[in-house]
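Here's what TrEMBL has on this protein:
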DOMAIN    117-212  domain 'Mandelate racemase/muconate lactonizing enzyme C-terminal'
ACT_SITE  K136  active site, proton donor
BINDING   D164, E193, D216  Mg(2+) binding site
ACT_SITE  K238  active site, proton acceptor
Amino acid sequence: MMRSAKLYQYQLPMDSGVILRTQRLVNREGWIVELQDGDRTGYGEIAPLPEFSQETAEQAGEQAKALLTQWVAGEALALDNALPSVAFGLSMAELELQGGLPQAGNYTVAPLCAGDPDDLVIALNNMPGEKVAKIKVGMYEAVRDGMVANMFIDSIAGIRLRLDANRQWTPLKAQQFAKYVKPENRGGIAFLEEPCQTPADSLAFAQETGINIAWDETVRDEGFEVKAEPGVVAIVIKPTLVGSVQRCMELVKQAHEQGLTAVISSSMETSLGLNQLARFAEWQTPGVIPGLDTMQLFLSQLETPWPQCELPLKTLAELDVAWSK
Ligand SMILES: O=C(O)CCC(=O)c1ccccc1C(=O)O
Ligand SMILES: [Mg+2]
């Protein structure tokens, strides 16, 4: 037998402040798949994100074992109907095994601010080249969000802000936000992800305010098609939530054909998965800063170090092999 496969199970502690929608994420849990074919090896991460993925880690693990059993028997990986996290992890492992994922990565992150804006100003002043930052909005008063956006645009020359409302606003709240962003500052917002509860309201908001928007949640909605519409400039692709590497590449291609920016973004993968996303982003979306500033939410790295990250590194050898064939 040329082929073999392993599933490692991991559980990594998170920083105490990590809240996903309604719940605190104490530990990040998931699987690392190792594929072997002769002397070639490939890794992938399967890590459903609570509150965002439909599947649980347990369900993903069961499906991965079934698909890996077929693969080890010499069949192709059947990913068309697989759970998104499973399709992503297995396809990435296969791509790496085949030598198809280029080594070079884009490790320039868009610093993420979910807390004190002053911390972000310091990070930005230390950032070489294009200054891109991501700020979560929609958690406090819309008026405060508008003032924070103004503050950044007024105080950091050339800043390109990415704001993310995660569908928190009613049309009225979104209007209140826009009212506080000075008209001459609206161009400093590269895009605002998903301002409103429905895509239709978000589109109307973009067209009324001249603030560009991006789709994130909408990309994962049933029947989504990439299309150029007034006010829409980008789509955010979170592979763990979207599916296979091939599906992500198709979305990137469609976005580019429509003149939209595609932004590869994290679903809080460990440093192993995050490194692969940085490589995938450099390969598929060259010149676009990916949304990968999530290492800071962990208390430990896994196997592959993330550049400049000082967190302790756990190796795969320290993990339980939960399954192998
Ligand atoms: O997209 C990014 O820049 C970072 C990742 C991020 O924001 C995120 C990560 C996991 C789940 C949801 C989100 C989100 O877009 O709100
Ligand atoms: Mg988002």
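Cβ atoms here come from the backbone N, Cα and C positions, even for glycine.
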Site with most surrounding Cβ atoms, counting all protein chains shown within 10 Å, from the binding-site residues D164, E193, D216: E193
Helix, strand or coil at E193 (Mg(2+) binding site) [DSSP, three-state]: strand
Which of K136, K238, all active-site residues, has a Cβ with the fewest other Cβ atoms inside 10 Å: K136
Cβ-based neighbourhood (8 Å from the centroid) of the Mg(2+) site, residues D164, E193, D216 excluded: R162, L163, A165, N166, L192, E194, A214, W215, E217, V236
Recorded positions whose CB lies under 6 angstroms from ligand 2, from K136, E193, K238: E193
Spatial neighbour of K136 (active site, proton donor) that is closest, considering only the recorded positions D164, E193, D216, K238 and their CA atoms: D164
Neighbours of the residue listed as 'active site, proton acceptor' among the binding-site residues D164, E193, D216 (Cα to Cα, within 10 Å): D216
For the domain 'Mandelate racemase/muconate lactonizing enzyme C-terminal' (117-212), residues assigned helix / strand / coil by DSSP: 50 helix, 17 strand, 29 coil
